[in-house]
Amino acid sequence: MAFAELLERAGGVGLFQALQVFTLLLPSLLVPSQLLMENFSAAVPSHRCWVPLLDNSTAQASVPGALGPKDLLTVSIPPGPNHEPHQCRRFRQPQWQLLDPNATATNWSEAATEPCMDGWVYDRSTFTSTIVSEWDLVCDYQGLKPLGQSIYMAGVLLGSLSWGLLSDRFGRKPALSWCCLQVALANTSTIFSSNFLIYCGLRFLSAFGVAGIIMTPVTLMAEWTTTRRRAVTITMLGCSYSLGQLTLGALAFTLRDWRALQLAVSMPFFAIFLISWWLPESARWLIIVGKPEQALQELKKVARINGHKEATKSLTVEVLMTSMEEEEGGASMKARRSVLDLFLLPTLRWRSCSMFLVSFSQMISYYGLVLDLQNLGSDIFLLQVLFGAVDLLGRATTTFLFSFLGHRTTLASFQAMAGLSILANILVPQDLQTLRLVFAVLGKGCFGISLTSISVYKPELYPTALRMTADGLLQSAGRLGAVTGPLIRMTRPAVPLLAPVSYGVIPIASSLILLLFLPETKGLPLPDTIQDLESQKSAAAKGKHREVAITESTWF
C-alpha cells in the first residue's frame, strides 16, 4: 500500500483525477448504446404475409366489387391466436365465403393455409427499418434474433478474458485506446452488411472491443484514486452508464432507421480514440511489472497537473524504489501473472470461484430483463428512458448505501432484491401491465445498485499484478451469463416459466454466496500484492477475535 503514499505526494485527488474521470466517462456513456441497441435496431414490428390481393396492384384490379383493405385482409390472411391477422400464414386461395356475416371459424381449415411463401409486409409506423424487417427474422427464423444477441455477448465474453490478460501484460491505456478504435471501425462497418451473417460477424468484433472499454476505465480509476475517493469515482462511472441508457432512448426515438442509429452510436468512438491518448498509464501497474522509470514519469505528470510542482523534484527513482521495497512479496508477485494463480493461490481461490458465480448470476438475470423490453410494454422508448432514470437514481445512492451497509452487503442485498422483483412479476397477470412495469423498473433499479457495487468491490479483492486478469475472468463469467440469458428466453414458447424463474432464483442464490465466502472491503486500501491481502485477512480475523472477546466480557 506504499503506492497510496506516492499518490498523496503527487497531489492525492486533484485536477488530474477530475480530468481523468471526465475522459473515462465519455466511452462509458456510450457502452449501454452498444449493449442495448438491439432493443431498437432489432425490434420486431407487426407483420403479415405478402399476398397479391393486398400488395399487388394488378391482382387488386381483378377483384370484383368495391372491397376495402379490411375485407381483402379477411379473405387473404387467417386469424392468429390472438384473433389478429396471423403473422406467419396466409390462405392458399382467397376465402370469399368469410365475407358472409354468418361465417365462422369452421368456414376454413388449416389445410387451406400455407407459410409466407413470398415474404412479409411490415408495419413501418414505429420503425422505418430494423434488422428484423431487413432480413426477415420472423416466424420460422425468429430464433435468429436471440441467437444474434448471444453471438454478440460471446464476443464480449472472449474480449473480457483476452483484454484482462493483455492489459496486465501491455498496460491499461493501450488496451483502452485500441478498443475504442476497434468498436468505431467494426460498428460503423455493420451498416454496409449485406446479410445477417456478416452483421453478426461485425457485431462480434465490436463486442470484443466493448469488453475492453467496460473493464479498463474502472481499473484506471481505481489505481489512480485514493481509498477515500475510490467508491465515489467508480459510482460516477456507473452513473454514466445510466445516462447512456437515457441517451439511447432519446436517440432511438429520433432515429427510427437501424443504420442511422448504428452510425450515431459508433462515430463518437473515433473521437474518443484520439482523446484517450493523453491519459497516463497506471503508475501502480508500472511499478509492479518492474518499470519504475516510466512510473516516475507518470507520477510527475500527475503532480504537475495537480499543481504540486515541488513533487516533481522530490519524486525520484530512489524514493519510489525505497517506498515500494516496503511491499514484501512485490518481486515475487511480478513473476506470477498467470490466470491460473487466481485458483492456485489459497488467498485468491475462494474469492475467484465465488465471484465467478456472482458475476455469472448477475448478468444472466440483468440481460434477461433489459434485452426483452417488447415483452414489458408497447412503448419501448418510454421503457428505455424509465429504466435509465431508475438506474441513475439507484447508482447515485450507492455511495450513501456503502456508508451504512458496506460494499459486500450492499451488493448481496440488492442483487437478491432484483431477483425477488423478477419472481414477483411471475405472479402478476399479463393484463396488469402497470404493475408488471413497476416490478420490472424496481428490479432494474436494484440491478443498477448491484452493478455499481460490484464495480467498486472487484478491484478491492485482487492485487495489482492480477487485477485486470481477474477482472477479465469475472467479466467473462458475466458475459457467459449474458450469452445464456437470451438462449433461455428462446425456451419461452415451450416452457413459459423457465426464463423468469431462472432470472429470479439465480441472483438470490448468488447473494448467499457473497455473504458466506467473501470478505468486507469497506475502508481498506487497494491491495498491491498478495502480502497486502494476507495482512488484510489477518487484520479482519483479529478484529473478529476482538469483537468476540468484548462480547464474552459483557456476558461474564
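From the backbone N, Cα and C atoms, a Cβ is placed for every residue, glycine too.
Copied over from TrEMBL, here are the features:
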TRANSMEM  12-31  transmembrane segment
DOMAIN    104-522  domain 'Major facilitator superfamily (MFS) profile'
TRANSMEM  204-222  transmembrane segment
TRANSMEM  234-254  transmembrane segment
TRANSMEM  260-279  transmembrane segment
TRANSMEM  411-428  transmembrane segment
TRANSMEM  434-457  transmembrane segment
TRANSMEM  497-518  transmembrane segment
Query = Does the transmembrane segment (234-254) come near the transmembrane segment (497-518), with 3+ Cβ pairs under 8 Å (pairs 6 or more apart)?
reply = no
Comparing 12-31, 204-222, 260-279, 434-457, 497-518 for Cβ pairs under 8 Å with the transmembrane segment (411-428), the winner is 497-518
Under 8 Å Cβ-Cβ from the transmembrane segment (12-31), and at least six residues away from its ends along the same chain, one finds 176, 180, 210, 213-214, 217, 220-221, 224-226, 228-229, 233, 236-237, 240-241, 243-244, 247, 265, 268-269, 272, 275-276, 278-279, 302, 305-308
Same-chain residues at least 6 beyond the ends of the transmembrane segment (434-457) with a Cβ under 8 Å from one of its Cβ atoms are 218, 230-231, 234-235, 237-238, 241-242, 358-359, 362, 365-366, 369-370, 376-377, 383, 386-387, 390-395, 397-398, 401-402, 407-408, 410-411, 414-415, 417-418, 421-422, 424-425, 428, 507, 521
Tertiary contacts of the transmembrane segment (204-222), defined by C-beta under 8 angstroms and 6+ residue spacing from its ends, are 20-21, 24, 27-28, 31, 34-35, 151-160, 162-164, 167, 172-173, 175-176, 178-183, 186-187, 190, 230, 233-234, 237, 279, 282, 455, 458-459, 467-468, 471-472, 475, 479, 526
Mean pLDDT across the domain 'Major facilitator superfamily (MFS) profile' (104-522) comes out at 81
